[in-house]
Amino acid sequence: MSALTIFADNGASEPLWQSTDADAIREQLNAQGVRFERWQADRELGDNPTPETVLTAYQHAIDLLVAEKGYQSWDVISMRADNPQKEALRDKFLNEHTHGEDEVRFFVEGAGLFCLHIGDKVYQVLCEKNDLISVPAGTPHWFDMGSEPHFTAIRIFDNPEGWIANFTGSPIAEAYPRLA
């Protein structure tokens, strides 16, 4: 179940707000300029789908986003617990960073935790299958896939180069809860 927990950005001792209600989550995030929607990830992908399988199954969703915003490229990120690079990738994504473009993800399997540092708050968004999130360009954030990751998401980009991060150097991510 998708969830949103909001903390003050000076520590994670006590949540300021939390909910698993998709409408309430959308309302809170939309107020911050973050798009959050529940889409249908209902295509059969098999146990360990190839990127081509995922892209073919969800081309209709990609086409909608491209038509709406003019995105230029897309790919699939899929991570499983048996991936030998899981620790290195988790460490990389756990560092606060920004992008020069919106970060758009459509989760078609599993879950991951987006943590958005907006103003004086941290918004922890547990995204699961069926969730579409679009984090505005320039928003400091980090992503936790957990120690035993299991997710597949379609990534949509404004530029043909794909994922380009600008790390802030802030240690803020270390102060907030992570996925197990």
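Each Cβ is built from the backbone N, Cα and C atoms, and glycine gets one as well.
According to Swiss-Prot, the features are:
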type: BINDING; residues: His97, His99, Glu103, His141; note: Ni(2+) binding site
type: BINDING; residues: His97, His99, Glu103, His141; note: Fe(2+) binding site
type: SITE; residues: Glu96; note: site 'May play a role in metal incorporation in vivo'
type: SITE; residues: Asp102; note: site 'May play a role in transmitting local conformational changes'
type: SITE; residues: Arg105; note: site 'Important to generate the dianion'
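All features noted in Swiss-Prot, drawn onto the structure.
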{"residue": "Glu96", "record": "site 'May play a role in metal incorporation in vivo'", "Cβ contacts under 8 Å, 6 or more apart": "His117, Pro140, His141, Trp142, Phe167, Thr168, Gly169, Ser170, Ile172, Ala173"}
{"residue": "His97", "record": "Ni(2+) binding site", "Cβ contacts under 8 Å, 6 or more apart": "Pro140, His141, Trp142, Ala165, Asn166, Phe167, Thr168"}
{"residue": "His99", "record": "Ni(2+) binding site", "Cβ contacts under 8 Å, 6 or more apart": "Val135, Ala137, Gly138, Trp163, Ile164, Ala165, Asn166"}
{"residue": "Asp102", "record": "site 'May play a role in transmitting local conformational changes'", "Cβ contacts under 8 Å, 6 or more apart": "Lys69, Ser134, Val135, Pro136, Ala137, Asp158"}
{"residue": "Glu103", "record": "Ni(2+) binding site", "Cβ contacts under 8 Å, 6 or more apart": "Ile133, Ser134, Val135, Thr139, His141, Arg155"}
{"residue": "Arg105", "record": "site 'Important to generate the dianion'", "Cβ contacts under 8 Å, 6 or more apart": "Phe114, Cys127, Asp131, Leu132, Ile133, Ser134, Ala153, Ile154, Arg155, Ile156"}
Conformational class of Glu96 (site 'May play a role in metal incorporation in vivo') under the three-state DSSP mapping: coil
Other CB atoms within 10 A, centred on His141 (Ni(2+) binding site): 24
In three-state DSSP terms, the structure that Glu103 (Ni(2+) binding site) belongs to: strand
Cβ within 8 Å of the mean position of the Cβ atoms of His97, His99, Glu103, His141: remaining residues of the chain near Fe(2+): Thr98, Val135, Thr139, Pro140, Trp142, Phe143, Ala165
